[in-house]
Amino acid sequence: MIIETNQACDLVIFGTKGDLARRKLLPALYKLEKSQKIHPDTRIIGTGRADWNTEDYIKIVKKAIKMFLNEKIDEKIWKKLRSRLNFFYIDVFQDLHFLELKNILNQKKNIIIYYCAVPSNTFNAIFTGLGKVNLNSFPSRIIIEKPLGVSLETSKKINNQIAKYFLESQIFRIDHYLGKESILNLLALRFSNSFFFHSWNNKIIDHIQITVSEEVGIENRWNYFDQMGQTRDMVQNHLLQILTIVSMDKPKNITPEGIRDEKLKILRSLKKIDLNEIHIKTARGQYASGIINGKKVPSYIEENGANKHSKTETFVSIKVDINNDRWFGVPFYLRTGKRLAYKYSEIVIVFKKISKNLFQEFNKNLSPNKLIIRLEPNESIKIYFLNKVPGLSKEYKLKSDKMEFNFNINNTKNFVDAYERLLFESMRGIQSLFVCREEVEEAWKWIDPIINGWKKTNINTVQLYKSGTWGPKSSDEIIMRDGRFWETFN
């Protein structure tokens, strides 16, 4: 068992030149330095095949932090972070390079954490190289980014490869959505407040929507994205994890095992979508050209390096049913896409209306109560409720009002970025916010039949939608068939 404490570490970043490292990891490490959460003896070792020395690497790191940090660099903090930085040239297909890396790591007795910020097709070379020189021994840890593979079969292959060299307790599969403050607060919201705890079921809740909307396109990731599509990249990866947190039963305790057990129960309770339902419960789209933030943007098949005949989806929405007592009859509507009208992610819990409302005589089409949990931007919680319109009228006119709690405004000093939190948790050896092998594979078991169903039926085509809109009409039809509507961004 890994000891859960903040110990001196050697953080080895494979792929330190890449987009993930520059945009997310390096700014997160700066913030951890700022909050004094990094052990004084911790080292950060960037690796790659770039023709750099450590001084070159230091300049690259500072440039990345300046570009992607949402605040001005404090030179005192930078000086501390800079002192930790080292660069090591490595070709992961060369065994000799791992021996040289071992010599560097043996200079200190720090716990080693490997962060694989690289494509999954290079994972096995890293696992094998580390294993050959015994750099995989306990209590070293390894962090890998989801999604793992493109199917259950390929995911199992990656998991089998890493299991040859690392114990499950050493493996930290990262899903950055699980590090968001609003997702973590969802556990507190649900299980520590009686009015939510007793209302979180099919007697009180009508339906739940989960939306992850992106303004960006594929961002020069054609080769990666075209083999993945939005379903593999986002639904299997992020939205199903959000769904499990929203819907799981109360865990026995707040341990990694306690939380994972309940999440697994949900994944195993997801109702499979049959071939005869697939056109009713799913919708796919691909972005056409359009206008985003006042600028014209190309269609998916006009992107650099694109296959003009590609049918890969950049948008997907799915109606999900959970086969258990708590959620029987409560649909979950998921949607996610690229080049949509706004960038935002949120969970919408819509409560059932009162069957015989006392004020219905004076009010037609009363809005339902809603709880909206905004994940990004500006993480917040909003509660919508009905309130009397002030005035002297004898009629009881009602309107929908809201109460809002904004994490950024109310907790400015304590607000923590997702990658900042997840890196810190990995340094402490706490796996609660990371995904176990069974979760990954159960998610693929549910997703694979949907993707295969699209191939088997005559709906293996995608509807085009204009960039800057909310996706194809078929997405609206999924929810409108049930007499419901997507909650619009505001």
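Each Cβ is built from the backbone N, Cα and C atoms, and glycine gets one as well.
According to DSSP, Arg49 (NADP(+) binding site) sits in a coil region rather than a helix or strand. According to Swiss-Prot, the NADP(+) binding site annotation covers Arg49, Asp91, Val92, Lys146, on the basis of sequence analysis.
Sequence-distant neighbours of Asp233 (substrate binding site) (same chain, 6+ residues apart, CB-CB distance under 8 A): Pro147, Phe225. The feature substrate binding site is assigned by Swiss-Prot to His176, Lys180, Glu214, Asp233, Lys338, Lys343.
Spatially close to His238 (active site, proton acceptor) yet at least six residues away along the chain are Asp175, Tyr177, Val212, Thr336, judged by Cβ distances under 8 angstroms. Positions annotated as active site, proton acceptor by Swiss-Prot, on the basis of sequence analysis: His238.
Looking only at the binding-site residues Asp91, Glu214, the densest Cβ neighbourhood within 10 Å occurs at Glu214.
Taking all protein chains in view, 14 other C-beta atoms sit within 10 angstroms of the C-beta of Lys343 (substrate binding site). Of all the binding-site residues in the record (His176, Lys338, Lys343), the one with the smallest CA separation from Arg49 (NADP(+) binding site) is His176. According to DSSP, His176 (substrate binding site) is assigned to a helical segment. In terms of C-alpha distance, the listed binding-site residues Asp91, Val92, Lys146 place Lys146 closest to Lys338 (substrate binding site).
Taken residue by residue with DSSP, Val92 (NADP(+) binding site) is part of neither helix nor strand, so it is coil.
The secondary structure of Asp233 (substrate binding site), as reduced to three states from DSSP, is helical. Within the same chain, the residues at least 6 positions away from Lys146 (NADP(+) binding site) whose Cβ sits under 8 Å from its Cβ are Arg173, Ile174, Asp175, Asn237, Val435, Val440, listed in sequence order.
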